[in-house]
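Asks: Pasting a structure here, questions to come.
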Amino acid sequence: MRCRGRQRKEAVSSEQRESTEFDGFTLEGASARKTKPKRHRRRFSRKSHDHPAPDSAVRRATAASALGNATEWYDYGIYAVATSYIASHFFAGFSNATLLTLATFAISFLVRPIGGLVWGPLGDRLGRKTVLATTILMMSGATFLIGVLPTVDQVGILAPILLITLRLVQGFSTGGEYGGAATYMAEYAPDHRRGFFGSFLEFGTIAGFALGTGLMLLMEVALTPDQMSAFGWRIPFLLAAPIGLVGFYLRSRLDDTPVFTELDGASAASTTDGDGDPEADSPETDSAPGIIGLIRDHWRTMLMMSGLVIAVNVVNYTLLTYMPTYLNHQIGLSSTMGLTVVLIGQLAMMALMPIVGRVSDHTGRKPVWYFSLAALTLMAIPMFKLIGFNFGFAIVGFAALALLYIPQLSTITATFPSLFPTQARYSGFAITYNVATSIFGGTAAMVNEWAIGVTGDIAFPAYYMMAACLIGLACVWYMPETAGASLRGTAVPGTLGSAVADGSPAERALEECRQPEQRGMEEHEMLEATQQAIEEAEAFAEAVAAIHEEAAQDEAAQDEAGEQPAPTVS
């Protein structure tokens with residue numbers, strides 16, 4: 001692991017701020033006493049870790065977060081798999097209606113950063129669950145309304161305008177939904193099992209996609225093409241309403257996370273603590289920073305995370321959003337066969353996600369990310385070539401790429417929120433994730449379709465994925481290891497000021513950082529001891545010289561006294 005000075009700067013704990021130590025010395029009046037250097041880390045046992053939430057509360061939080069995430073990505077998923085129907089009903093008469101439909105899909109991502117700017121700070125101030133309950137209603141309501149929109153044949157140009165408006169509402173709500181759900185789940189999960197519990201949030205993501213894909217496939221099998229075009233494509237959109245109401249009910253009954261409640265209580269206590277009590281300025285009661293403060297204090301983390309998000313979302317939206325269109329338009333599979341390929345891959349992903357999440361708790365997040373990014377870089381072109389052969393090979397190729405993507409997807413919840421301290425976690429995650437996603441995620445399908453049309457190379461999606469994964473590989477190098485690190489307090493998890501579980505990957509990574517630092521401290525101590533010995537030797541030499549000089553003066557005085565005549569006795 002590469003150790004960075006930034007970690008040491010961000011990891012200054014309250015004990016360090018209050019201590020009078022400087023470079024291993026404690027000042028006591030006019031004298032200095034040598035002390036053992038402090039180790040800037042707190043440990044906690046896995047048996048008594050610092051998350052008091054009972055298992056039942058963790059399970060409820062997991063279920064509510066996963067269901068909400070499933071609702072969100074069900075809404076996005078059905079739009080992706082209904083591309084051909086939306087193109088014919090809302091963009092009929094336009095040249096390249098498919099590209100316009102994919103562009104409309106991308107438009108919703110443009111307002112996701114605005115949603116992150118609004119919902120993120122609100123989540124850090126008002127609490128996670130309040131924002132999450134609101135955004136799930138907005139998301140499911142907009143999806144339901146898409147299902148009842150009039151077509152371009154009925155109201156003309158107003159139809160695509162209304163569709164774009166509802167997509168913007170979806171994007172705005174998603175700007176707070178996903179970042180909040182990931183933050184909520186990460187803070188509720190036990191520190192040494194954050195990867196396992198966090199994987200269920202992404203399990204909900206794939207479950208939402210799979211549900212949308214499965215329902216659309218069921219509609220195509222059960223209905224005739226005319227029935228499907230007339231009303232069948234609307235049914236999955238209409239089902240978003242009851243699913244959203246269930247998600248709202250579950251989320252409104254949840255409590256906020258212990259991590260947020262603890263910090264919020266400490267902040268409230270500090271604001272009511274009068275007469276200049278020092279507790280009011282304690283770093284443990286820092287309030288949520290503004291946007292400028294967030295960027296000023298965490299711009300390096302936000303930049304590094306943006307690179308990781310680029311890798312995640314280019315792969316995600318190429319495989320899960322664009323693939324049905326790609327299989328139909330570029331490979332020549334029927335719509336039903338294309339949906340079947342994607343659905344089989346999604347079910348395989350769901351089966352592996354909790355397993356990979358659990359593995360990351362033991363090995364750390366960085367090893368699984370390195371594996372996934374490197375494997376996708378190497379296998380993207382061969383698997384896309386395989387997909388182009390026939391239906392059977394398409395299943396194998398897509399499933400292989402999807403499973404290689406799992407180590408990234410299943411650990412997003414455990415990885416990204418852990419890069420920020422509690423008071424900046426919701427806003428830092430939401431803003432960074434949504435800005436990068438709006439540029440590279442939602443546009444992936446549109447970019448792939450456009451590039452294939454311009455270049456004529458149907459392997460372009462593989463090249464795009466490879467480039468994104470190379471960016472991700474560079475950013476993982478700078479990512480701190482947070483598996484087993486506590487999310488409590490105001491220190492950045494996984495840095496030299498944070499608490500970590502004994503034997504966790506985060507502790508091992510910090511030990512690697514600490515070894516060169518400790519060696520430097522020992523060398524400093526040896527240099528000081530050498531300098532002190534030299535000073536003592538010089539002082540001893542000066543003392544010996546002074547003694548010799550004094551003896552010489554005494555001898556000279558005696559000689560002078562002996563030369564004087566003896567006094568006479570009268």
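Any Cβ shown, glycine's included, is placed from N, Cα and C.
Automatic prediction, not curation, is the source of TrEMBL annotations.
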Asks: For the record in TrEMBL, which of the ranges 98-119, 538-559 is the transmembrane segment one?
Replies: 98-119
Asks: Quick test of the contact rule: Cβ under 8 Å, at least six residues beyond the ends. What residues does that give for the transmembrane segment (368-387)?
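Replies: Distal contacts: 308, 311, 315, 327, 331, 356, 359-360, 393-394, 396-398, 400-401, 404-408, 411, 415, 458-459, 461-463, 465-466, 469-470, 472-473, 476, 479.
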Asks: If contact means at least 3 Cβ pairs within less than 8 Å, sequence distance 6 or more, would you call the transmembrane segment (302-323) and the transmembrane segment (131-149) in contact?
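Replies: Answer no: the transmembrane segment (302-323) and the transmembrane segment (131-149) share fewer than 3 Cβ pairs below 8 Å.
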Asks: Please identify the stretch among 98-119, 231-250, 393-414 with the greatest number of Cβ pairs below 8 Å relative to the transmembrane segment (131-149).
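Replies: Per the Cβ under 8 Å count, 231-250.
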